[in-house]
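Each remark here refers to the structure printed beneath this line.
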Amino acid sequence: MAELACFCYPHLENDSYKFIPFNNLAIKCMLTAKVDKKDQDKFYNSIIYGIAPPPQFKKRYNTNDNSRGMNYETSMFNKVAALICEALNSTKVTQSDIASVLSRVVSVRHLENLVLRRENHQDVLFHSKELLLKSVLIAIGHSKEIETTATAEGGEIVFQNTAFTMWRLTYLEHKLMPILDPNFIEYKITVNEGKPISESHIKELIAELRWQYNKFAVITHGKGHYRVVKYSSVANHADRVYATYKSNNKNGNMLEFNLLDQRIIWQNWYAFTSSMKQGNTLDTCKKLLFQKIKRESNPFKGLSTDRKMDEVSQIGI
């Protein structure tokens, strides 16, 4: 995750702003600079290489002292920054909005995946600039539309029916901020269209999850799609979701946190996010992840549980 101010800076033109991507050398200069505390939140002028991000975001970049940040010296950083600017410059951002836009926390890996989709000649985003920019604006929280299958970050499709598409995320192969754990495995489920979904299509998805992904929890980050993650990583997701929710709320970037369909979401996660939306502390919310919560009733009593052992998935073991 990183703020949009880590990728670009605004330049006032008439009554709106044009966004310009940072270059690698300007960032590198900022990372070595000594800056007064009072200037930590201001864009840094490197003199030689142009404007750089505010020094308060130093930890967002990979350095000798911090291996958890973005690999900003890669060509992928340049591509992501340019794509963000292209999308923002297709809209009108006024002075009253600029602070909240730049402080918005976005998924670095999501944006890299959109670059990869753009470069894939077989992908619809390669052929449609309008759909590409729409996908980016959704990814950076500049659009209130949810991420659907057409505008999704992408990955490897492992399941699809009339209503849903399930993707295996390919973060292990990323350049900008790769997942370093070789055992990482995670999925995302997007809706194919933003319209009501029939019971039969929901039932198909639940059956697929129950039998093929029984070692995983179905959660949501509140953005209109589902994530299918290992139970061992749920607490980490909770920390990130809570921090992003609070940060966006504090900076005035509050979008509606979508709890999604309670029949699909893991009941403990539904309790966690509901508690978070009520304004409770992180510790109070996280306790709900480890309590035994029983569903009031089986939402799909016709869904058979009669499966032979060799039909039950070993994914995630």
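Cβ atoms here come from the backbone N, Cα and C positions, even for glycine.
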Annotated companion of SER107, VAL108, ARG109, HIS221, GLY222, LYS223, ARG227 at the ATP site, Swiss-Prot, chosen from LYS79, LYS144, LYS175, LYS188: LYS188
DSSP-derived helix, strand and coil totals, residue by residue, for the region 'RNA-binding' (205-241): 19 helix, 9 strand, 9 coil
From SER107, VAL108, LYS188, the binding-site residues whose CA lies within 10 Å of that of HIS225 (active site, for NTPase and RTPase activities): LYS188
For LYS223 (ATP binding site), the number of other Cβ atoms found within 10 Å of its own Cβ: 20
Confidence summary (mean pLDDT) of the region 'RNA-binding' (205-241): 95
Collapsed DSSP category at LYS188 (ATP binding site): strand
